[in-house]
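Here is what TrEMBL says about this protein:
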type: SIGNAL; residues: 1-22; note: signal peptide
type: TRANSMEM; residues: 83-102; note: transmembrane segment
type: TRANSMEM; residues: 122-149; note: transmembrane segment
type: TRANSMEM; residues: 170-196; note: transmembrane segment
type: TRANSMEM; residues: 208-228; note: transmembrane segment
type: TRANSMEM; residues: 312-333; note: transmembrane segment
type: TRANSMEM; residues: 353-372; note: transmembrane segment
type: TRANSMEM; residues: 392-413; note: transmembrane segment
type: TRANSMEM; residues: 448-471; note: transmembrane segment
Amino acid sequence: VCAVIGIAFSLVQWILVSRVKLSPGRDSGAPGNNGAAGKNGYADYLIEEEEGLNDHNVVVKCAEIQNAISEGATSFLFTEYQYVGIFMVAFAILIFLFLGSVEGFSMKSQPCTYDLSRMCKPALATAAFSTLSFLLGAVTSVVSGFLGMKIATYANARTTLEARKGVGKAFITAFRSGAVMGFLLAANGLLVLYIAINVFKLYYGDDWGGLFEAITGYGLGGSSMALFGRVGGGIYTKAADVGADLVGKVERNIPEDDPRNPAVIADNVGDNVGDIAGMGSDLFGSYAESSCAALVVASISSFGMNHELTPMLYPLIISSVGIIVCLITTLFATDFFEIKAVDEIEPSLKRQLIISTVLMTIGIGVVSWIALPPSFTIFNFGDQKLVKNWQLFLCVAVGLWAGLIIGFVTEYYTSNAYSPVQDVADSCRTGAATNVIFGLALGYKSCIIPIFAIAISIFVSFSFAAMYGIAVAA
């Protein structure tokens with residue numbers, strides 16, 4: 001239900017973004033209008049004069065550039081996915097051969113690894129279902145990246161046109177288009193994983209250890225596709241960026257990011273396929289891996305032994321709560337608060353992090369109390385460790401708050417509003433050498449607090465609930 005709500009919400013955001021028309025003739029307001037500021041800084045005009053271009057020409061030019069970027073990004077991704085498809089099939093065959101050969105492609109039931117007195121499904125079945133879940137994860141990852149690219153190329157010119165009215169309008173359009181990718185990615189991943197578990201259960205029955213071992217292929221498929229999206233797209237965008245600068249500024253004296261330079265279009269295509277499509281696949285890979293890891297560890301705990309489905313699917317319930325919490329949090333950025341100036345954007349995004357973390361902590365507390373039994377046992381290196389439901393709640397909470405701390409520390413060290421970046425800029429006065437040395441030192445320094453946050457969250461989670469605690473914290 002939460003996955004379907006997430007998909008529906010993303011479609012609503014898409015419809016709201018599509019209301020900004022990319023066709024000439026719409027009244028985008030006179031640049032000189034200094035009337036009272038409307039909702040979200042409507043009258044806070046960013047551009048007072050647009051080089052003599054009238055409104056009609058601006059919209060037409062935006063649409064032309066958007067079409068060129070969209071066409072290039074689609075062409076690149078389809079070409080990339082042809083090679084990815086070959087890898088996907090070859091790697092799926094390898095997975096099947098390696099896993100199937102464990103017992104010599106035997107079709108006979110085998111003693112369970114976690115309980116030798118019980119019989120589990122044959123290795124060949126695990127090989128077949130692991131291969132299937134790998135393909136499912138790979139396809140979902142590819143789709144996540146492609147949908148992210150589509151909404152980005154759909155919304156870029158619309159954000160540009162809205163920026164002519166004011167920064168508030170541009171922020172909302174950009175934020176909503178980002179929400180489309182975020183919700184689609186999380187909801188699709190959750191829905192496919194949940195359906196796969198229920199379909200596999202028809203065959204595996206009581207053998208939950210085998211079932212969730214087969215499900216691990218889902219995370220592997222997601223992360224292996226992310227490798228291509230991230231690295232392939234990243235190399236392309238850097239090559240295009242440097243090429244655009246060399247040709248435009250060095251050889252032809254064309255200003256930076258001028259669309260008359262074809263390499264600038266290629267650079268924008270690269271940003272879409274690397275930073276957006278690649279990021280989408282990467283996010284999905286991380287999400288699928290952490291979910292599958294938690295499910296595998298839980299399958300050999302008392303949940304798996306006693307066949308308690310609701311506690312077993314606790315990691316998916318956390319993701320479900322996350323979708324609802326983020327849906328509410330999104331409204332704080334687009335509907336509840338108004339953005340009227342550029343310097344309000346960063347505090348607004350920071351507020352998003354805090355609100356979502358607080359609401360998520362409350363949500364996890366509620367579902368931990370409802371979905372989990374008061375106490376249960378978790379497999380801990382040969383022993384069964386007794387865990388209370390409030391301890392597992394703390395494991396998730398410590399991972400959640402560690403993430404918030406890492407987010408704030410990253411912002412502190414990379415935002416020009418704070419002293420670290422200002423000091424790096426100041427070090428440029430004495431030359432490139434001091435700039436490089438200072439920047440490198442600052443990079444090392446910025447890792448200290450995140451490392452401690454991760455180490456403490458791992459220590460606390462392991463103390464409370466062994467490996468399962470670490471899995472749900474992630």
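Yeah, the Cβs are placed from backbone N, Cα and C, and that goes for glycine too.
Curation does not apply to TrEMBL; its annotations are automatic.
A quick note: this is a predicted structure, and the numbers were derived from the prediction, not measured.
A contact links the transmembrane segment (312-333) to the transmembrane segment (170-196), because at least 3 Cβ pairs that are 6 or more residues apart lie under 8 A. Here the transmembrane segment (83-102) sits against the transmembrane segment (208-228); at least 3 CB pairs are under 8 Å, leaving out pairs fewer than 6 apart in sequence.
The listed stretches are 122-149, 170-196, 392-413, 448-471; of these, 122-149 has the most Cβ pairs under 8 Å to the transmembrane segment (208-228). Within the same chain, residues 290, 293-294, 297-298, 301, 315, 378-381, 385, 387, 391-392, 394-395, 398-399, 402, 405-406, 409-410 sit at least 6 positions outside the transmembrane segment (448-471) and bring their C-beta atoms closer than 8 Å to a C-beta of that stretch. Residues of the same chain lying 6 or more positions beyond the ends of the transmembrane segment (122-149) and with a Cβ under 8 Å from any Cβ of it are 73-74, 77, 81, 84, 88, 91-93, 95-100, 102-103, 105-110, 180-181, 184-185, 188-189, 192, 196, 200, 203-204, 210-211, 213-226, 229, 272-273, 276-281, 283-285, 288.
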